[in-house]
Amino acid sequence: MSKGKSKYVIDPISVKTACTSEESYIRCVEYGKGKAHYPNLSLLAKAILAGVFVGVCAHASGIAGGHFYYHKLREYVGISMSAFVYGFTFPIAFLCIIATGSDLFTGNTLAVTTALLQRKVSLLQYLRVMSISLFGNYLGAVSFAFFVSHLSGAYEKHTDVTKNHIFQFLNDIAEKKISHTFIQCICLAIGCNIFVCLAVYFVLTIKDGSGMVFSVFFAVYAFAIAGYEHIIANMYTLNLALMVEAKVTWSKVYFHNLLPTLIGNYIAGALVLACPLFYIYRNSYRDYERTRGDGSNCGLRSLSIEMQNGSNGN
């Protein structure tokens, strides 16, 4: 191999299973940078699709958890079984988003922010991507809540207590979500998006498909069962609760939950994770640029980085 063209040498084990920490950060920046090059309609379509996937799996999770909320069954297994089943079903949404390359706002708070900090996207591009992804996620999640969950009658309220367990499960979840104080909701949202952003980072780090699925599944399961607050999931759940006339109000939904959840999710991705990662690995990305060039814009799963060590002549 000619001088200056040798491959970047890493641990043989990591070649088979995972990237190094430096490579993971580089892939994260490149992934975030790539989003800035999509036209508005493409970004919106990808964001709507992600919102629909969250709605699909939140619907399934609510039905599955609601079946264990049947009043007689609840006396024997308790409400913890409903939470377990709900949390176990919901991570499928994130696997669908990864497989289709859809665009989720909460993951962008990490990836696109690292690209902004590395000056690979402008502030205007950053705001464009973040606002379109949030709006598209909202549109997809709320549309699914109305056209499928509400119009199908799956969460319809019944006067007969033996048939009302699905509605009651949704109602109790919604009431709990709007009962938090503003600060409590922000804190719960921070905890949530740490797990979600780590799930994105696992996809960028782990090369083995089964290992990636396993890691993402349990990262998302952890936040779902812990009762953390996720802005897109809450858009679906709380707007559906409004549609089926649960014990919630518009002002409580949007100002007591969705607003602080949005703030907390952003803090987690942009400040808790993106800023420290940038500080630790910013020079690794600069070294990568000097040896490789400007890189390429690829999808989350297909992004491939081949570092060259031309500076030391090895």
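Every residue, even glycine, has its Cβ placed from backbone N, Cα and C.
Lifted from Swiss-Prot, the feature list:
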TOPO_DOM  1-47  topological domain 'Cytoplasmic'
TRANSMEM  48-68  transmembrane segment
TOPO_DOM  69-78  topological domain 'Extracellular'
TRANSMEM  79-99  transmembrane segment
TOPO_DOM  100-128  topological domain 'Cytoplasmic'
TRANSMEM  129-149  transmembrane segment
TOPO_DOM  150-185  topological domain 'Extracellular'
TRANSMEM  186-206  transmembrane segment
TOPO_DOM  207-211  topological domain 'Cytoplasmic'
TRANSMEM  212-232  transmembrane segment
TOPO_DOM  233-257  topological domain 'Extracellular'
TRANSMEM  258-278  transmembrane segment
TOPO_DOM  279-314  topological domain 'Cytoplasmic'
Most CB pairs under 8 Å with the transmembrane segment (258-278): which of 48-68, 79-99, 186-206, 212-232? 186-206
Against which stretches of its own chain does the topological domain 'Extracellular' (233-257) lie, if we need a Cβ under 8 Å and a gap of at least six residues from its ends? 51, 54-55, 58-59, 62, 90, 137-138, 141-142, 144-146, 149-150, 155-157, 167, 170-171, 173-175, 177-178, 180, 182, 185
Could you count the residues of the topological domain 'Extracellular' (233-257) that DSSP puts in helix, in strand and in coil? 19 helix, 0 strand, 6 coil
Would you kindly check 79-99, 129-149, 186-206 and say which stretch has the most C-beta pairs under 8 angstroms to the transmembrane segment (212-232)? 186-206
The answer for the topological domain 'Cytoplasmic' (100-128), taking Cβ pairs under 8 Å and residues 6+ beyond its ends, is 25, 28-33, 35-36, 40, 43, 46-47, 49-50, 53-54, 94, 134, 136-137, 192-193, 196-197, 199-201, 230-232, 265-266, 268-270, 273-275, 277-278, 282, 285, 299-301
Please work out the helix, strand and coil residue numbers for the topological domain 'Extracellular' (150-185) from the DSSP assignment. 22 helix, 0 strand, 14 coil
Composition by DSSP (helix, strand, coil) of residues within the topological domain 'Cytoplasmic' (100-128): 20 helix, 0 strand, 9 coil
